[in-house]
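Below is one structure, written out as C-alpha cells, with a few remarks after it.
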Amino acid sequence: MHFVPNITFGHPVVESLRKQLGQDPFFDMHMMVSRPEQWVKPMAIAGANQYTFHLEATENPGALIKDIRENGMKVGLAIKPGTTVEYLAPWANQIDMALVMTVEPGFGGQKFMEDMMPKVHWLRTQFPSLDIEVDGGVGPDTVHKCAEAGANMIVSGSAIMRSEDPRSVINLLRNVCSEAAQKRSLDR
Ligand SMILES: O=C(CO)[C@@H](O)[C@H](O)COP(=O)(O)O
C-alpha cells in the first residue's frame, strides 16, 4: 500500500498505520513544489521511499533522477494537465512511476479531467510495466476510466474523506484497479 502523507514521520499516525498494516508503509512524497532539487536529501533522511517531482519544475530532470536514486529512493515523475506526454516519454525508462495529473495542482475536490486519459493509455501502451498513477477527482464514478486507460495507482482525496463509508470506497477503488490490471495481463 502507498501513502502520500502530509504528516511528520514518527508521528502517531505513522505508528498506527504500521500496526494496522503489520508492515512498514510505503511513503511516496509527491512534491508539488518549485525547485524540487532542494528537498531530496531531507526526504531521504525522513524515510521517504519514493520521491515524485514535477517535470515542469526542473530544468535538469536527468540530474534530479540520479540524485534521487543516489539517495536511495524510487523516482516518480509527474506532469500537469497542460504538459503533453511526449515530454515525459524520454524519461520513462529511468523512472519507477509516471503521474498524470487529472486536475490542476492546487487543492482537492476539483472535477476529474477525463481528457487526460489518452495520456495514460499512451503511456500504458508504450511502457507496459511502468507504474502509472492518476491524481485528482478520482472516486467511484471516475476510477473505471482511469483503470481502463491503464492506471494502476490512484490518488483519491475527497471521494474517500467525504464518504460515510470510506473503507468500502477504498475497497472499490482498489478492486477496480486490480481487476483492470489482471485483465491487461491476461490480454497480453
Ligand atoms: O493535491 C492534489 C491536487 O492539488 C490532489 O492530490 C488532490 O488533492 C486529490 O484530491 P481529490 O481531487 O481526490 O479531492
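Placed from the backbone N, Cα and C atoms, the Cβ positions cover glycine too.
Taken straight from TrEMBL:
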type     : residues                                                      : note
BINDING  : HIS30, GLY106, PHE107, GLY108, GLY109, GLY137, GLY157, SER158 : substrate binding site
BINDING  : HIS30, ASP135                                                 : divalent metal cation binding site
ACT_SITE : ASP135                                                        : active site, proton donor
Worksheet item: Where ASP135 (divalent metal cation binding site) and GLY157 (substrate binding site) are concerned, what is their Cα separation in Å, rounded?
Response: 9
Worksheet, complete the sentence: Note: in the chain of GLY157 (substrate binding site), residues six or more apart in sequence with C-beta under 8 angstroms of its C-beta are GLY108, GLY109
Worksheet entry | Listed binding-site residues adjacent to ligand 1, that is, members of HIS30, GLY157, SER158 whose C-beta is under 6 A away | GLY157, SER158
Practice prompt. With substrate as the bound species and HIS30, GLY106, PHE107, GLY108, GLY109, GLY137, GLY157, SER158 as its recorded binding residues, calculate the greatest Cα-Cα distance and give it in Å as a whole number.
Written response: 17
Worksheet item: Taking the binding-site residues one at a time (GLY106, GLY108, GLY109, GLY137), which has its Cβ surrounded by the most other Cβ atoms within 10 Å?
Response: GLY137
Item to complete: Give me the non-local Cβ neighbours of SER158 (substrate binding site): same chain, 6+ apart in sequence, Cβ-Cβ under 8 Å, ordered along the sequence.
Response: GLY108, GLY109, GLY139
Fill in: Local Cβ density at PHE107 (substrate binding site) - other Cβ atoms counted within 10 Å
10
